[in-house]
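What follows is one structure encoded as structure tokens, with my remarks underneath.
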Amino acid sequence: MNYPNFTVISHPLIEHKLTFIRDLTTPKKGFKELVDEVAMLMAYEITKDFPLEEVEIETPICKTKTRIVSGKKVVLVPILRAGLGMVDGILKLIPSARVGHIGLYRDHETLQPVSYYFKIPPQSEDRDFILIDPMLATGGSAIAAVDKLKEVGVKNIKFMCLIAAPEGVKAFCEAHPDVKVFAAGLDEKLNENGYIVPGLGDAGDRLFGTK
Ligand code: PRP
Ligand code: URA
């Protein structure tokens, strides 16, 4: 899809793992592990523009100048519930990241997002935010989550999902053209119930065993 802020992260390991995530015979434990692994691989890719700053350290041999990631700590924001399934994988790469939470669920009849929780670290305006949710379906939940972050002054937001539907990409990219969106896979369409086809089913239910 031709939106400048939308990228599918293409990598053989991501595609391989996504196949087993989609497979309905993958048990809950394996599903969660694979979601974490794909989230970690994606995080490696989407943080490659993070700025660096020089620091001086001492190795066992001598003093030297080297570089570390500069700026304030990153904030990860999972959209509850299913976004929680991706947090641990990203924290393995960015252990110092703060974690906020946005509670939203999709009303099964209207498919509209219903908001029930919002908590992010204080003084977050200048931090880099990574919003995470496995599924971008209609786009309603991700759009509402970014609306909420922008309302409190957050400026630097990236959105990361495992699987996106074309309908959700279009809605999101038109609503928030300044927010970069990264997906591991772009699927065909939504079905009549608003599920992504072929997708992976209900991400929250598969992660938490609630169906
Ligand atoms: C799922 C998913 C997204 C949303 C995507 O959550 O994790 O948050 O649906 O759909 P949309 O793009 O059409 O808004 P769900 O509402 O099932 O809640 P849950 O994570 O609590 O199961
Ligand atoms: N939410 C999910 O968990 N799966 C979909 O396919 C769409 C929305």
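Every residue, even glycine, has its Cβ placed from backbone N, Cα and C.
As the structure is a computational prediction, the values presented were derived from the model and not from experiment.
Among the features that TrEMBL reports, domain 'Phosphoribosyltransferase' is placed at 8-210. The domain 'Phosphoribosyltransferase' (8-210) scores a mean pLDDT of 96 in the predicted structure.
For ARG81, ARG106, ASP133, PRO134, MET135, LEU136, ALA137, THR138, GLY139, GLY140, SER141, ASP202, the entry in TrEMBL reads 5-phospho-alpha-D-ribose 1-diphosphate binding site. Within 10 Å of the C-beta of ASP202 (uracil binding site) there are 15 other C-beta atoms, taking all protein chains into account.
Positions annotated as uracil binding site by TrEMBL: ILE196, GLY201, ASP202, ALA203.
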> What three-state class does DSSP give ALA203 (uracil binding site)?
Replying inline: helix
> Those binding-site residues, ARG81, ASP133, GLY139, SER141: which ones have a Cβ sitting under 6 Å from ligand 2?
Replying inline: none
>> Please report the Cα separation of MET135 (5-phospho-alpha-D-ribose 1-diphosphate binding site) and ASP202 (uracil binding site) in Å, rounded to an integer.
In response: 9
>> Counting across all protein chains present, how many other Cβ atoms fall within 10 Å of the Cβ of GLY201 (uracil binding site)?
In response: 16
